[in-house]
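Asks: Here's the feature list from TrEMBL:
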BINDING   Leu23, Arg24, Gly65, Lys68, Thr69, Thr70, Glu131, Asp132, Phe133, Arg174, Tyr184, Arg221  ATP binding site
DOMAIN    54-187  domain 'AAA+ ATPase'
BINDING   Thr69  Mg(2+) binding site
REGION    185-255  region 'Small ATPAse domain (RuvB-S)'
REGION    258-343  region 'Head domain (RuvB-H)'
BINDING   Arg313, Arg318  DNA binding site
Amino acid sequence: MSLERDLVSPDAEGEESQIEAALRPKRLGEFIGQARVREQLSLVLESALRRGRSPDHMLMSGSPGLGKTTLAMIIAAELSAPLRITSGPALERAGDLAAILSTLAEGEVLFIDEIHRMARPAEEMLYLAMEDFRVDIVVGKGPGATAIPLDIATFTLVGATTRAGLLPAPLRDRFGFTAHMDFYQVEELEQVLHRSARLLGVTLPGEGAHEIARRSRGTPRIANRLLRRVRDFADVRAGGVIDRDIASAALNLYEVDAEGLDRLDRAVLDALLRKFGGGPVGLSTLAVAVGEEPETVEVVAEPFLVRQGLLARTPRGRVATAAAWHHLGMTPPPDAFGATLFD
Ligand SMILES: Nc1ncnc2c1ncn2[C@@H]1O[C@H](COP(=O)(O)OP(=O)(O)OP(=O)(O)O)[C@@H](O)[C@H]1O
Ligand SMILES: [Mg+2]
């Protein structure tokens, strides 16, 4: 489960994830945006299909909600291959992984979500499996222990991570292809919204779609979620019509601001400016100030703030940019950018 879903709703495994599954594009042709990744991926897949071989192992890297899991499912669908799904935290012991690897079917796609969270022994087993399609099953304990090599089916590993930087180099190097997923353009999110509106039976005029897309933090999952909140608002208060003003009023009500910043984003900026004078401040100090885990601040809030030019990560800590001060309607202190960014 992603960090972001944890934050948003406690019943994340319920309705939210059902709707998410229903809105997931099933084939590469339906996948919107990420033009470069799509092109790279379609070449990898098509060439593997032509050769009748399993494609190289692939890593999907990017912020929560950008489509990593969706792409993993699409890869299996495009290969007409069965798909096995697990996650890093579920692979605590090497045995957990061995049980999966030894029962893979020929050509199966194995999806390991949050692969950066895998435990060390499982990771080492995976190296051998990725490279030689073999696992060593250790029998017995202590000096009498023996490793029995076991051949496994040829498979394609698809890993997903929100934190590619945490992957050990030997693991990273064993992927033949890495999809770097970036935040989406507003026009791409408009397409996502129109598609979702069609599937959900919601009438969505262009200006409403534009307003929601603009405020979706470059993230399809957020766009889809905001669409449903705006639809609720429009149904109850506006006879179901989602024009720009209705979309805007609904988003304001749900505390999504004009640039798409949500409560956590604003809390981070607010603490950075008011408590630490704009920084530099260390990640963990900043996280304590907003009552969140450092990882949540780093993975969920920061990438978007950096991309919006509101926050900078410097060797000495997190620093607010001039735009951040303006965004919160504050004036930067006169020496704010003298000593921090440019020394
Ligand atoms: N390119 C896309 N086109 C249309 N919809 C998309 C696209 N990418 C993602 N979505 C939608 O966004 C939702 C979230 O995508 P997905 O679950 O694949 O994200 P993720 O990167 O795996 O996130 P996490 O890191 O939280 O696991 C999906 O339900 C899907 O409906
Ligand atoms: Mg996912």
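Keep in mind that glycine also has a Cβ here, set from the backbone N, Cα and C atoms.
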Asks: Of Leu23, Gly65, Thr69, Glu131, Tyr184, Arg318, which binding-site residues come close to ligand 1, meaning Cβ under 6 Å from one of its atoms?
Replies: Leu23, Gly65, Thr69
Asks: For the ATP site made of Leu23, Arg24, Gly65, Lys68, Thr69, Thr70, Glu131, Asp132, Phe133, Arg174, Tyr184, Arg221, how many Å separate the two farthest Cα atoms?
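Replies: The widest Cα-Cα gap among those binding residues is 37 Å.
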Asks: Reported as an integer number of Å, what is the Cα distance between Leu23 (ATP binding site) and Arg313 (DNA binding site)?
Replies: 34
Asks: Including all protein chains displayed, how many Cβ atoms other than that of Phe133 (ATP binding site) lie within 10 Å of its Cβ?
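Replies: Other Cβ atoms within 10 Å of Phe133 (ATP binding site): 15.
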Asks: Far apart in sequence but close in space: which same-chain residues, 6 or more away, have a Cβ under 8 Å from Glu131 (ATP binding site)?
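Replies: Within the chain, Glu131 (ATP binding site) has Cβ neighbours under 8 Å at Arg174.
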Asks: List the binding-site residues Leu23, Gly65, Thr69, Phe133, Tyr184, Arg313 whose Cβ sits under 6 Å from any atom of ligand 2, in sequence order.
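Replies: Correct list: Thr69.
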Asks: Measuring Cα to Cα, tell me the gap between Tyr184 (ATP binding site) and Arg318 (DNA binding site) in whole angstrom.
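Replies: Pair distance, Cα basis, whole Å: 24 Å.
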Asks: What same-chain residues, at least 6 away in sequence, bring their CB to under 8 Å of the CB of Arg318 (DNA binding site)?
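Replies: Arg318 (DNA binding site) has long-range Cβ partners Leu272, Gly279, Pro280, Val281, Gly282, Leu283, Leu286, Glu302, Leu311, Ala312.
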Asks: What are the helix, strand and coil residue counts for the domain 'AAA+ ATPase' (54-187) according to DSSP?
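Replies: Once the DSSP states are binned, the domain 'AAA+ ATPase' (54-187) shows 51 helix, 36 strand, 47 coil.
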Asks: Including all protein chains shown, what's the count of other C-beta atoms within 10 A of the C-beta of Thr69 (ATP binding site)?
Replies: 20
